[in-house]
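Asks: Got a structure for you, questions after.
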Amino acid sequence: MSKKPVALIILDGFGLREEEKGNAVAHAQKPNFDRYWNEFPHATLRADGENVGLPEGQMGNSEVGHLNIGAGRIVYQSLTRVNLSIREGDFFKNETFIKAMDHVKEKQSALHIYGLLSDGGIHSHIDHIYALLDMAKQQNVERVYVHGFLDGRDVGPTSAEVYLKGLQDKFDEVGLGKLATVHGRYYAMDRDKRWDRVEKSYRAMVYGEGPSYKNGLELLDDSYKNNIVDEFVIPSVITEEDGTPVATVKDDDAVIFCNFRPDRAIQLSQVFTNEDFRGFDRGEKMPKRLHFVCLTKFSETVKGFVAFKPTNLDNTLGEVLSQQNYTQLRIAETEKYPHVTFFFSGGREDEFPGEERILINSPKVATYDLKPEMSAYEVTDALVKEIEGEKHDVIILNFANPDMVGHSGMLEPTVKAIEAVDECLGRVVDALLQKGGAAIITADHGNADEVVTLDGKPMTAHTTNKVPVIVTEKGITLREDGILADLAPTVLDLLGADKPKEMTGKTLKQ
(Lines of atoms letter the chains of each structure in order from A and count residues from 1; the text may use other names and numbers.)
(Lines give C-alpha, C1' and ligand atoms only; values in the text may rest on other atoms or scores of the structure.)
Protein backbone atom coordinates (compact mmCIF):
# COMPACT_ATOMS: atom_id res chain seq x y z
CA MET A 1 0.00 0.00 0.00
CA SER A 2 1.53 3.30 -1.06
CA LYS A 3 1.92 6.07 1.50
CA LYS A 4 2.25 9.80 0.86
CA PRO A 5 3.94 11.86 2.01
CA VAL A 6 6.87 9.76 3.17
CA ALA A 7 9.34 11.67 5.33
CA LEU A 8 12.87 10.44 5.94
CA ILE A 9 13.80 12.08 9.25
CA ILE A 10 17.53 11.99 10.00
CA LEU A 11 18.42 12.69 13.63
CA ASP A 12 22.04 13.60 12.99
CA GLY A 13 24.46 11.93 15.42
CA PHE A 14 21.76 9.99 17.32
CA GLY A 15 23.30 6.58 18.10
CA LEU A 16 22.16 3.77 20.39
CA ARG A 17 24.26 2.51 23.29
CA GLU A 18 23.37 0.44 26.35
CA GLU A 19 25.86 2.13 28.69
CA GLU A 20 24.08 5.17 30.13
CA LYS A 21 27.12 7.01 31.52
CA GLY A 22 27.97 9.96 29.28
CA ASN A 23 25.08 8.97 26.98
CA ALA A 24 22.93 12.02 26.21
CA VAL A 25 20.48 9.90 24.19
CA ALA A 26 19.79 7.74 27.25
CA HIS A 27 19.64 10.70 29.67
CA ALA A 28 17.27 12.83 27.58
CA GLN A 29 13.53 12.92 28.21
CA LYS A 30 12.28 12.03 24.73
CA PRO A 31 8.65 10.90 25.05
CA ASN A 32 7.90 11.11 21.33
CA PHE A 33 10.84 9.02 20.15
CA ASP A 34 10.23 6.48 22.93
CA ARG A 35 6.53 6.22 22.03
CA TYR A 36 7.27 5.66 18.33
CA TRP A 37 9.92 3.07 19.24
CA ASN A 38 7.38 1.18 21.36
CA GLU A 39 4.37 1.57 19.05
CA PHE A 40 5.83 1.07 15.59
CA PRO A 41 8.10 -1.43 13.83
CA HIS A 42 11.73 -0.63 14.60
CA ALA A 43 15.24 -2.02 14.19
CA THR A 44 18.86 -0.88 14.28
CA LEU A 45 21.23 -0.13 11.40
CA ARG A 46 25.01 -0.25 11.01
CA ALA A 47 26.40 3.15 10.03
CA ASP A 48 30.15 2.58 10.34
CA GLY A 49 33.13 0.96 8.65
CA GLU A 50 32.65 -1.25 5.64
CA ASN A 51 28.87 -0.92 5.98
CA VAL A 52 29.23 2.61 4.58
CA GLY A 53 32.35 2.19 2.41
CA LEU A 54 34.89 3.15 5.07
CA PRO A 55 37.74 1.07 6.47
CA GLU A 56 36.67 -1.52 9.05
CA GLY A 57 36.21 0.00 12.49
CA GLN A 58 36.07 3.58 11.16
CA MET A 59 33.27 5.68 12.63
CA GLY A 60 30.71 7.04 10.20
CA ASN A 61 30.02 10.72 9.65
CA SER A 62 27.37 12.99 8.19
CA GLU A 63 28.81 13.23 4.67
CA VAL A 64 29.30 9.48 4.36
CA GLY A 65 25.96 8.76 6.00
CA HIS A 66 23.95 10.98 3.68
CA LEU A 67 25.81 9.70 0.60
CA ASN A 68 24.94 6.11 1.50
CA ILE A 69 21.36 6.92 2.47
CA GLY A 70 20.70 8.88 -0.72
CA ALA A 71 22.48 6.43 -3.02
CA GLY A 72 20.75 3.30 -1.74
CA ARG A 73 24.05 1.43 -2.05
CA ILE A 74 27.39 1.30 -0.24
CA VAL A 75 29.45 4.22 -1.54
CA TYR A 76 33.18 3.67 -1.25
CA GLN A 77 34.51 6.77 0.44
CA SER A 78 37.42 9.01 -0.41
CA LEU A 79 39.34 7.73 2.62
CA THR A 80 39.08 4.16 1.33
CA ARG A 81 39.96 5.20 -2.24
CA VAL A 82 43.06 7.17 -1.21
CA ASN A 83 44.24 4.48 1.22
CA LEU A 84 43.92 1.87 -1.51
CA SER A 85 45.84 4.01 -4.00
CA ILE A 86 48.69 4.45 -1.49
CA ARG A 87 48.75 0.72 -0.78
CA GLU A 88 48.79 -0.18 -4.49
CA GLY A 89 51.24 2.59 -5.46
CA ASP A 90 48.93 4.54 -7.81
CA PHE A 91 49.02 7.53 -5.45
CA PHE A 92 52.69 8.12 -6.29
CA LYS A 93 51.93 8.18 -10.03
CA ASN A 94 48.96 10.56 -9.72
CA GLU A 95 49.35 13.05 -12.57
CA THR A 96 47.78 15.92 -10.63
CA PHE A 97 50.35 15.56 -7.84
CA ILE A 98 53.20 15.15 -10.35
CA LYS A 99 52.19 18.36 -12.18
CA ALA A 100 52.19 20.31 -8.90
CA MET A 101 55.65 19.00 -8.06
CA ASP A 102 56.94 19.68 -11.57
CA HIS A 103 55.57 23.23 -11.24
CA VAL A 104 57.61 24.02 -8.12
CA LYS A 105 60.76 22.49 -9.61
CA GLU A 106 60.36 24.56 -12.76
CA LYS A 107 59.60 27.78 -10.85
CA GLN A 108 62.15 26.99 -8.11
CA SER A 109 59.35 27.63 -5.64
CA ALA A 110 57.88 25.83 -2.62
CA LEU A 111 55.28 23.11 -2.17
CA HIS A 112 52.81 23.71 0.67
CA ILE A 113 50.70 20.90 2.11
CA TYR A 114 47.53 21.96 3.93
CA GLY A 115 45.65 19.43 6.02
CA LEU A 116 44.05 18.30 9.25
CA LEU A 117 46.72 16.54 11.35
CA SER A 118 44.59 13.65 12.56
CA ASP A 119 43.80 10.01 11.97
CA GLY A 120 40.13 10.65 12.74
CA GLY A 121 39.34 9.73 9.14
CA ILE A 122 36.38 12.11 8.90
CA HIS A 123 37.99 15.02 7.04
CA SER A 124 41.50 13.72 6.53
CA HIS A 125 44.06 11.12 7.48
CA ILE A 126 47.60 12.06 8.43
CA ASP A 127 48.89 9.05 6.45
CA HIS A 128 47.97 10.95 3.27
CA ILE A 129 50.26 13.82 4.29
CA TYR A 130 53.01 11.28 5.01
CA ALA A 131 52.51 9.75 1.55
CA LEU A 132 52.83 13.19 -0.07
CA LEU A 133 56.10 13.78 1.80
CA ASP A 134 57.39 10.42 0.52
CA MET A 135 56.33 11.35 -3.00
CA ALA A 136 57.91 14.83 -2.81
CA LYS A 137 61.20 13.17 -1.82
CA GLN A 138 60.93 10.71 -4.75
CA GLN A 139 60.22 13.63 -7.11
CA ASN A 140 63.23 15.61 -5.81
CA VAL A 141 61.18 18.54 -4.54
CA GLU A 142 63.51 20.66 -2.40
CA ARG A 143 61.20 22.82 -0.27
CA VAL A 144 58.06 21.38 1.34
CA TYR A 145 56.10 23.07 4.11
CA VAL A 146 53.14 21.75 6.06
CA HIS A 147 50.38 24.04 7.31
CA GLY A 148 48.80 21.85 9.95
CA PHE A 149 45.23 22.12 11.22
CA LEU A 150 44.59 20.68 14.68
CA ASP A 151 41.54 18.48 15.13
CA GLY A 152 40.38 17.86 18.70
CA ARG A 153 36.94 16.93 17.48
CA ASP A 154 37.09 13.70 15.50
CA VAL A 155 39.88 12.68 17.89
CA GLY A 156 40.52 13.64 21.53
CA PRO A 157 40.35 17.37 22.32
CA THR A 158 44.00 17.53 23.44
CA SER A 159 45.58 14.84 21.27
CA ALA A 160 47.55 17.10 18.89
CA GLU A 161 50.94 16.33 20.44
CA VAL A 162 50.79 12.80 19.03
CA TYR A 163 50.24 14.10 15.49
CA LEU A 164 52.78 16.94 15.69
CA LYS A 165 55.44 14.52 16.95
CA GLY A 166 54.48 11.99 14.28
CA LEU A 167 54.82 14.66 11.60
CA GLN A 168 58.26 15.70 12.88
CA ASP A 169 59.34 12.05 12.90
CA LYS A 170 58.23 11.81 9.26
CA PHE A 171 60.18 14.96 8.31
CA ASP A 172 63.26 13.40 9.95
CA GLU A 173 62.73 10.03 8.26
CA VAL A 174 62.28 11.51 4.77
CA GLY A 175 64.85 14.27 5.24
CA LEU A 176 62.36 16.78 3.86
CA GLY A 177 59.62 19.06 5.15
CA LYS A 178 59.06 21.68 7.84
CA LEU A 179 56.05 22.82 9.83
CA ALA A 180 55.16 26.39 8.77
CA THR A 181 51.87 27.27 10.48
CA VAL A 182 49.46 25.66 12.95
CA HIS A 183 45.72 26.38 13.17
CA GLY A 184 42.76 25.10 15.15
CA ARG A 185 40.21 23.68 12.70
CA TYR A 186 37.69 26.18 14.12
CA TYR A 187 39.53 28.81 12.03
CA ALA A 188 41.01 27.11 8.97
CA MET A 189 38.08 24.75 8.39
CA ASP A 190 35.07 27.00 9.00
CA ARG A 191 32.11 26.19 6.75
CA ASP A 192 29.59 28.78 7.92
CA LYS A 193 30.95 31.88 6.18
CA ARG A 194 32.61 33.19 9.34
CA TRP A 195 35.25 34.82 7.18
CA ASP A 196 36.92 36.50 10.17
CA ARG A 197 38.05 33.04 11.30
CA VAL A 198 39.35 32.01 7.88
CA GLU A 199 41.12 35.35 7.48
CA LYS A 200 43.25 34.63 10.57
CA SER A 201 44.45 31.40 8.93
CA TYR A 202 45.07 33.11 5.60
CA ARG A 203 47.09 35.90 7.20
CA ALA A 204 49.23 33.40 9.11
CA MET A 205 49.93 31.46 5.90
CA VAL A 206 50.56 34.41 3.56
CA TYR A 207 51.73 37.27 5.79
CA GLY A 208 53.27 35.33 8.68
CA GLU A 209 50.90 37.15 11.04
CA GLY A 210 49.70 35.76 14.36
CA PRO A 211 51.28 34.36 17.51
CA SER A 212 54.73 32.92 16.75
CA TYR A 213 56.53 29.90 18.20
CA LYS A 214 59.76 27.99 17.63
CA ASN A 215 57.85 24.71 17.20
CA GLY A 216 54.43 23.13 17.41
CA LEU A 217 54.90 21.68 20.89
CA GLU A 218 55.76 25.09 22.35
CA LEU A 219 52.56 26.41 20.77
CA LEU A 220 50.50 23.56 22.26
CA ASP A 221 51.96 24.10 25.69
CA ASP A 222 51.07 27.79 25.57
CA SER A 223 47.55 27.10 24.27
CA TYR A 224 46.78 24.50 26.93
CA LYS A 225 48.03 26.85 29.67
CA ASN A 226 45.42 29.31 28.41
CA ASN A 227 42.71 26.61 28.35
CA ILE A 228 42.63 26.56 24.55
CA VAL A 229 42.18 23.00 23.25
CA ASP A 230 43.29 21.76 19.81
CA GLU A 231 40.18 22.72 17.83
CA PHE A 232 40.41 26.36 18.91
CA VAL A 233 44.18 26.99 18.68
CA ILE A 234 44.70 30.49 17.25
CA PRO A 235 46.35 30.42 13.79
CA SER A 236 50.05 30.66 14.60
CA VAL A 237 53.35 30.96 12.78
CA ILE A 238 56.38 28.72 13.30
CA THR A 239 59.60 30.75 13.13
CA GLU A 240 63.29 30.16 12.52
CA GLU A 241 65.85 30.97 15.21
CA ASP A 242 66.03 34.59 13.98
CA GLY A 243 62.26 35.06 14.38
CA THR A 244 61.37 35.03 10.67
CA PRO A 245 58.55 32.69 9.54
CA VAL A 246 59.68 29.23 8.39
CA ALA A 247 57.64 29.82 5.23
CA THR A 248 54.77 31.82 3.81
CA VAL A 249 52.76 31.06 0.68
CA LYS A 250 54.16 33.14 -2.19
CA ASP A 251 53.73 33.78 -5.92
CA ASP A 252 54.36 30.70 -8.12
CA ASP A 253 54.18 28.25 -5.18
CA ALA A 254 52.04 25.10 -5.25
CA VAL A 255 49.53 23.96 -2.64
CA ILE A 256 48.11 20.48 -2.10
CA PHE A 257 45.12 20.59 0.25
CA CYS A 258 45.14 17.13 1.75
CA ASN A 259 41.66 16.97 3.32
CA PHE A 260 39.36 14.66 1.39
CA ARG A 261 36.01 15.82 2.77
CA PRO A 262 34.86 18.95 0.93
CA ASP A 263 32.56 20.89 3.23
CA ARG A 264 35.20 22.25 5.61
CA ALA A 265 37.85 22.69 2.89
CA ILE A 266 35.82 24.88 0.54
CA GLN A 267 36.14 28.29 2.18
CA LEU A 268 39.91 28.33 2.69
CA SER A 269 40.36 27.00 -0.86
CA GLN A 270 38.16 29.77 -2.28
CA VAL A 271 40.40 32.37 -0.61
CA PHE A 272 43.43 31.07 -2.54
CA THR A 273 41.80 30.16 -5.87
CA ASN A 274 39.01 32.60 -6.68
CA GLU A 275 39.88 35.89 -8.38
CA ASP A 276 36.50 37.38 -7.48
CA PHE A 277 36.67 36.37 -3.80
CA ARG A 278 34.83 38.91 -1.59
CA GLY A 279 34.91 37.38 1.91
CA PHE A 280 37.64 39.76 3.11
CA ASP A 281 40.47 41.86 1.70
CA ARG A 282 43.35 39.51 0.87
CA GLY A 283 45.84 42.39 0.58
CA GLU A 284 48.79 42.95 -1.72
CA LYS A 285 50.57 39.69 -0.91
CA MET A 286 47.78 37.45 -2.22
CA PRO A 287 49.83 34.77 -4.04
CA LYS A 288 49.70 34.99 -7.83
CA ARG A 289 50.02 32.05 -10.26
CA LEU A 290 49.46 29.64 -7.39
CA HIS A 291 49.18 26.00 -8.50
CA PHE A 292 46.39 24.77 -6.20
CA VAL A 293 45.48 21.08 -5.87
CA CYS A 294 42.50 19.66 -3.97
CA LEU A 295 42.76 16.02 -2.89
CA THR A 296 39.13 15.48 -3.97
CA LYS A 297 36.61 17.70 -5.74
CA PHE A 298 35.65 20.27 -3.13
CA SER A 299 33.11 22.35 -5.07
CA GLU A 300 32.40 23.98 -8.42
CA THR A 301 33.24 27.23 -6.59
CA VAL A 302 36.86 26.19 -5.96
CA LYS A 303 39.12 26.83 -8.96
CA GLY A 304 41.77 24.18 -8.36
CA PHE A 305 43.07 20.92 -9.83
CA VAL A 306 41.57 17.69 -8.46
CA ALA A 307 43.73 14.66 -7.65
CA PHE A 308 40.94 12.14 -7.00
CA LYS A 309 38.02 12.96 -9.26
CA PRO A 310 34.48 12.06 -8.20
CA THR A 311 32.91 8.74 -9.14
CA ASN A 312 29.49 9.30 -10.67
CA LEU A 313 26.48 8.04 -8.76
CA ASP A 314 23.51 7.44 -11.05
CA ASN A 315 19.96 6.84 -9.84
CA THR A 316 20.22 8.20 -6.33
CA LEU A 317 16.92 8.45 -4.47
CA GLY A 318 16.41 12.07 -5.55
CA GLU A 319 16.92 11.22 -9.22
CA VAL A 320 14.64 8.17 -9.08
CA LEU A 321 11.85 10.14 -7.40
CA SER A 322 12.16 12.83 -10.06
CA GLN A 323 12.10 10.29 -12.91
CA GLN A 324 8.96 8.68 -11.47
CA ASN A 325 7.27 12.10 -11.09
CA TYR A 326 7.28 12.31 -7.31
CA THR A 327 7.82 15.73 -5.75
CA GLN A 328 10.40 16.05 -3.00
CA LEU A 329 11.47 18.55 -0.36
CA ARG A 330 14.93 18.79 1.23
CA ILE A 331 15.00 20.78 4.47
CA ALA A 332 17.67 21.44 7.11
CA GLU A 333 19.45 24.27 8.88
CA THR A 334 22.75 25.64 7.56
CA GLU A 335 25.05 23.15 9.31
CA LYS A 336 23.43 20.14 7.62
CA TYR A 337 21.95 21.72 4.49
CA PRO A 338 24.79 20.44 2.23
CA HIS A 339 24.12 16.96 3.59
CA VAL A 340 20.43 16.78 2.63
CA THR A 341 21.17 18.36 -0.76
CA PHE A 342 24.66 17.90 -2.25
CA PHE A 343 25.70 14.72 -0.40
CA PHE A 344 22.24 13.11 -0.45
CA SER A 345 22.21 13.61 -4.23
CA GLY A 346 25.54 11.83 -4.64
CA GLY A 347 27.64 14.99 -5.00
CA ARG A 348 25.24 16.88 -7.26
CA GLU A 349 24.77 20.60 -6.60
CA ASP A 350 21.65 21.13 -8.74
CA GLU A 351 18.06 20.31 -7.84
CA PHE A 352 16.24 17.56 -9.70
CA PRO A 353 12.97 18.42 -11.47
CA GLY A 354 10.23 18.36 -8.82
CA GLU A 355 12.69 19.01 -5.97
CA GLU A 356 12.35 21.97 -3.62
CA ARG A 357 14.79 23.03 -0.91
CA ILE A 358 14.37 25.01 2.29
CA LEU A 359 17.41 26.34 4.14
CA ILE A 360 16.92 27.64 7.68
CA ASN A 361 19.87 29.63 9.02
CA SER A 362 21.80 28.13 11.93
CA PRO A 363 22.11 30.49 14.90
CA LYS A 364 25.21 32.70 14.99
CA VAL A 365 26.80 31.52 18.22
CA ALA A 366 30.43 30.64 18.88
CA THR A 367 29.61 27.02 19.77
CA TYR A 368 26.24 25.27 19.75
CA ASP A 369 26.34 24.18 23.39
CA LEU A 370 25.37 27.84 24.01
CA LYS A 371 22.13 27.27 22.06
CA PRO A 372 21.38 23.54 22.05
CA GLU A 373 18.02 23.93 20.30
CA MET A 374 19.88 25.54 17.37
CA SER A 375 17.23 26.25 14.69
CA ALA A 376 15.18 23.07 15.20
CA TYR A 377 11.99 24.95 16.06
CA GLU A 378 12.27 27.15 12.97
CA VAL A 379 12.93 24.11 10.76
CA THR A 380 9.86 22.42 12.26
CA ASP A 381 7.62 25.48 11.81
CA ALA A 382 8.57 25.67 8.14
CA LEU A 383 8.14 21.94 7.57
CA VAL A 384 4.76 21.56 9.29
CA LYS A 385 3.46 24.36 7.06
CA GLU A 386 4.73 22.48 3.98
CA ILE A 387 3.14 19.19 5.13
CA GLU A 388 -0.18 20.94 5.71
CA GLY A 389 0.08 22.42 2.20
CA GLU A 390 0.28 18.85 0.74
CA LYS A 391 2.89 19.88 -1.84
CA HIS A 392 5.47 17.12 -1.48
CA ASP A 393 5.38 13.35 -1.90
CA VAL A 394 8.72 12.81 -0.16
CA ILE A 395 10.49 14.88 2.50
CA ILE A 396 14.15 14.59 3.47
CA LEU A 397 14.67 16.28 6.84
CA ASN A 398 17.77 16.61 9.01
CA PHE A 399 17.85 17.71 12.64
CA ALA A 400 21.46 18.79 13.27
CA ASN A 401 21.38 19.11 17.06
CA PRO A 402 22.50 15.72 18.45
CA ASP A 403 25.62 15.86 16.27
CA MET A 404 26.52 19.54 16.41
CA VAL A 405 25.95 19.88 20.16
CA GLY A 406 27.36 16.40 20.79
CA HIS A 407 30.68 17.62 19.41
CA SER A 408 30.99 19.87 22.48
CA GLY A 409 31.66 16.82 24.67
CA MET A 410 29.21 18.29 27.18
CA LEU A 411 26.40 16.13 28.54
CA GLU A 412 23.86 18.70 29.69
CA PRO A 413 23.68 20.80 26.48
CA THR A 414 23.51 17.62 24.38
CA VAL A 415 20.62 16.32 26.51
CA LYS A 416 18.85 19.65 25.93
CA ALA A 417 19.55 19.35 22.19
CA ILE A 418 17.89 15.93 22.04
CA GLU A 419 14.93 17.07 24.09
CA ALA A 420 14.36 19.99 21.70
CA VAL A 421 14.58 17.65 18.71
CA ASP A 422 12.15 15.20 20.32
CA GLU A 423 9.59 17.97 20.76
CA CYS A 424 10.01 18.89 17.08
CA LEU A 425 9.88 15.24 16.00
CA GLY A 426 6.47 14.92 17.65
CA ARG A 427 5.09 17.88 15.71
CA VAL A 428 6.44 16.62 12.38
CA VAL A 429 5.21 13.03 12.80
CA ASP A 430 1.77 14.21 13.99
CA ALA A 431 1.44 16.40 10.90
CA LEU A 432 2.47 13.51 8.63
CA LEU A 433 0.11 10.98 10.20
CA GLN A 434 -2.79 13.43 9.98
CA LYS A 435 -2.22 13.56 6.22
CA GLY A 436 -2.05 9.77 5.90
CA GLY A 437 1.70 9.82 5.46
CA ALA A 438 4.53 7.86 7.05
CA ALA A 439 7.85 8.68 8.67
CA ILE A 440 11.10 6.77 8.63
CA ILE A 441 12.98 8.01 11.70
CA THR A 442 16.68 7.22 11.65
CA ALA A 443 20.21 8.63 12.04
CA ASP A 444 23.37 8.85 9.96
CA HIS A 445 25.93 7.92 12.67
CA GLY A 446 26.44 7.99 16.43
CA ASN A 447 27.74 10.88 18.52
CA ALA A 448 25.32 12.05 21.23
CA ASP A 449 25.28 8.48 22.58
CA GLU A 450 28.75 9.10 24.04
CA VAL A 451 29.71 12.68 24.84
CA VAL A 452 31.61 11.87 28.03
CA THR A 453 33.90 8.84 28.38
CA LEU A 454 33.59 6.31 31.20
CA ASP A 455 36.44 8.05 33.01
CA GLY A 456 34.70 11.42 32.77
CA LYS A 457 36.58 13.03 29.87
CA PRO A 458 34.84 14.94 27.05
CA MET A 459 34.21 12.72 24.01
CA THR A 460 33.90 14.99 20.99
CA ALA A 461 34.15 12.39 18.22
CA HIS A 462 31.53 10.23 16.53
CA THR A 463 30.88 6.65 17.65
CA THR A 464 30.63 3.35 15.80
CA ASN A 465 27.37 2.45 17.54
CA LYS A 466 24.27 1.35 15.66
CA VAL A 467 21.54 3.85 14.83
CA PRO A 468 17.77 3.46 15.14
CA VAL A 469 15.21 3.08 12.40
CA ILE A 470 11.48 3.38 13.04
CA VAL A 471 8.80 3.13 10.34
CA THR A 472 5.45 4.59 11.40
CA GLU A 473 3.40 1.91 9.69
CA LYS A 474 1.79 -0.83 11.75
CA GLY A 475 1.41 -4.42 10.58
CA ILE A 476 4.91 -4.77 9.10
CA THR A 477 8.18 -6.01 10.53
CA LEU A 478 11.69 -4.72 9.88
CA ARG A 479 14.75 -6.90 9.53
CA GLU A 480 17.63 -6.43 11.96
CA ASP A 481 20.70 -6.68 9.71
CA GLY A 482 20.18 -3.40 7.87
CA ILE A 483 22.62 -0.69 6.83
CA LEU A 484 22.13 2.94 5.78
CA ALA A 485 21.99 1.92 2.11
CA ASP A 486 18.70 0.12 2.84
CA LEU A 487 16.82 3.33 3.66
CA ALA A 488 16.28 4.60 0.09
CA PRO A 489 14.82 1.25 -1.06
CA THR A 490 12.54 1.39 2.00
CA VAL A 491 11.30 4.86 0.99
CA LEU A 492 10.56 3.57 -2.51
CA ASP A 493 8.81 0.50 -1.04
CA LEU A 494 6.53 2.69 1.12
CA LEU A 495 5.68 4.80 -1.94
CA GLY A 496 5.02 1.74 -4.08
CA ALA A 497 7.72 2.99 -6.47
CA ASP A 498 10.22 0.98 -8.53
CA LYS A 499 13.78 0.49 -7.28
CA PRO A 500 16.56 0.91 -9.90
CA LYS A 501 19.18 -1.79 -10.42
CA GLU A 502 21.96 0.56 -9.23
CA MET A 503 20.46 0.51 -5.73
CA THR A 504 21.94 -2.60 -4.20
CA GLY A 505 20.38 -1.80 -0.81
CA LYS A 506 17.25 -3.76 0.10
CA THR A 507 14.01 -2.62 1.69
CA LEU A 508 13.93 -3.06 5.47
CA LYS A 509 10.34 -4.30 5.30
CA GLN A 510 10.22 -8.07 5.64
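For all residues, glycine too, the Cβ spot is worked out from N, Cα and C.
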Asks: Given that Swiss-Prot lists Asp12, Asp444, His445 as binding Mn(2+) 2, which residue among Ser62, Ser78 does it place in the same site?
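Replies: As annotated by Swiss-Prot, Asp12, Asp444, His445 share the Mn(2+) 2 site with Ser62, chosen from Ser62, Ser78.
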Asks: Have a look through His291, His462 and flag the one Swiss-Prot assigns to the Mn(2+) 1 site that Asp403, His407 belong to.
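Replies: Matched candidate out of His291, His462, per Swiss-Prot for Mn(2+) 1 with Asp403, His407: His462.
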Asks: If I go by Swiss-Prot, which of Arg191, Arg330 binds substrate at the same site as His123, Arg153, Asp154, Arg185, Arg261, Pro262, Asp263, Arg264, Lys336?
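Replies: Answer, per Swiss-Prot (substrate site with His123, Arg153, Asp154, Arg185, Arg261, Pro262, Asp263, Arg264, Lys336), from Arg191, Arg330: Arg191.
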Asks: Taking Cα-Cα distance, which of the recorded positions Tyr36, Pro262, Arg264, Asp403 are within 10 Å of Ser62 (Mn(2+) 2 binding site)?
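Replies: Candidates kept after distance check: Asp403.
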Asks: Nearest to Tyr36 (phosphotyrosine) in three-dimensional space, by Cα, is which of the binding-site residues Asp154, Arg264, His407, His445?
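Replies: Nearest candidate: His445.
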Asks: Quick check on the binding-site residues His123, His407, His445, His462: which one has the highest count of other Cβ atoms within 10 Å of its Cβ?
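Replies: The most densely surrounded of these binding-site residues is His462.
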Asks: Between His123 (substrate binding site) and His407 (Mn(2+) 1 binding site), find the distance joining the two CA atoms and give it rounded to the nearest Å.
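Replies: Just about 15 Å between their Cα atoms.
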Asks: Distance between Arg264 (substrate binding site) and His407 (Mn(2+) 1 binding site) at the Cα atoms, whole Å?
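Replies: Between the alpha carbons of Arg264 (substrate binding site) and His407 (Mn(2+) 1 binding site) there are 15 Å.
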Asks: Which state, by DSSP, holds Asp403 (Mn(2+) 1 binding site): helix, strand or coil?
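Replies: In three-state terms, Asp403 (Mn(2+) 1 binding site) counts as helix.
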Asks: Express the distance between the Cα positions of Asp444 (Mn(2+) 2 binding site) and Asp403 (Mn(2+) 1 binding site) as a whole number of Å.
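Replies: Rounded to a whole number, the Cα-Cα distance is 10 Å.
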